[in-house]
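Student: Below are the structure tokens for one structure; questions will follow.
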Amino acid sequence: MVRARHQPGGLCLLLLLLCQFMEDRSAQAGNCWLRQAKNGRCQVLYKTELSKEECCSTGRLSTSWTEEDVNDNTLFKWMIFNGGAPNCIPCKETCENVDCGPGKKCRMNKKNKPRCVCAPDCSNITWKGPVCGLDGKTYRNECALLKARCKEQPELEVQYQGRCKKTCRDVFCPGSSTCVVDQTNNAYCVTCNRICPEPASSEQYLCGNDGVTYSSACHLRKATCLLGRSIGLAYEGKCIKAKSCEDIQCTGGKKCLWDFKVGRGRCSLCDELCPDSKSDEPVCASDNATYASECAMKEAACSSGVLLEVKHSGSCNSISEDTEEEEEDEDQDYSFPISSILEW
């Protein structure tokens, strides 16, 4: 009799627990995605078995959620073959409570969807003129540079005020930095490393394009910085009194080009393929010949084994309109970009 009286209560408790379990499972059944694509489908799976509230609690603008509780095979087919999961529900429908991070703001686009756009705070910028960026490009003002940094170049900074120049004339570098003209005849502001450790072995010796032996790459960079213009690397090892390129051993797939002007050779990269671009500007080379581009000039130099340098942009029969380029340093080396020599 006692067991009969308690049976209905136990059954009710069991049903209650079962209902609660089903409710909790239905609340958890769903998939969280990192973005909603232009095709309206969810892409980049973040986590499975999450409720919409849990998924959207991240605060990310692009986070989306799907309600379907499907197996791994279906998820795989959605991601690989179908361009994402269907029935995608974005977490954010408006800009309310959207945190886009520093330098960005949430705005509704033409499709009435919230989007984070670059909107740097330019209110404290005092210099309104053009600036030269670390990428060697001129920006119409610092605010334009900040927008470019926000979009695709997080390391972009202002080098100096004014347009990017070909010489250090009228370049005022901030702080303790110094103006240096690199091998491509562009002015950069760098910080000179005045202390270089003594080389551990003779393998660190480098021969500069000035015919001077430097103890290490650090010593070459230091000399370049203090000089204010690119010295450039001729070849690895101590400088030798070479009579021709036959006396110089180049490494790293480089080829020796002879500079008849100073009677020295330098190792240069000669594997560059010139792109078929109509936008390239012709150059007048040191042999007084006009080449379709600087790349074409380098190609001719590598073919002949004789060093060629740019005298000025444009045809040799024309006078360069850029007065700054007329003052370019003659001892340039097109084989080594600033990143390989001027790593401050």
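Cβ atoms here come from the backbone N, Cα and C positions, even for glycine.
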Student: Identify the disulfide partner of Cys239 as annotated in Swiss-Prot; candidates are Cys207, Cys270, Cys274.
Tutor: Cys207
Student: According to Swiss-Prot, Cys122 takes part in a disulfide bond; indicate which of Cys106, Cys116, Cys132, Cys143 is its partner.
Tutor: Cys143
Student: If you count other CB atoms within 10 A of each CB, which of Cys106, Cys256 wins among these disulfide-bonded residues?
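Tutor: When each Cβ's neighbours within 10 Å are tallied, Cys256 leads.
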Student: How many other Cβ atoms are found within 10 Å of the Cβ atom of Cys270 (disulfide bond), counting all protein chains shown?
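Tutor: For Cys270 (disulfide bond), the 10 Å Cβ neighbour count is 18.
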Student: Is it possible to list how many residues within the domain 'Follistatin-like 3' (244-268) are helical, extended or coil according to DSSP?
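Tutor: The counts are 3 helix, 11 strand, 11 coil.
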Student: Per DSSP, what is the residue count of the domain 'Follistatin-like 2' (167-190) in each of helix, strand and coil?
Tutor: 0 helix, 8 strand, 16 coil
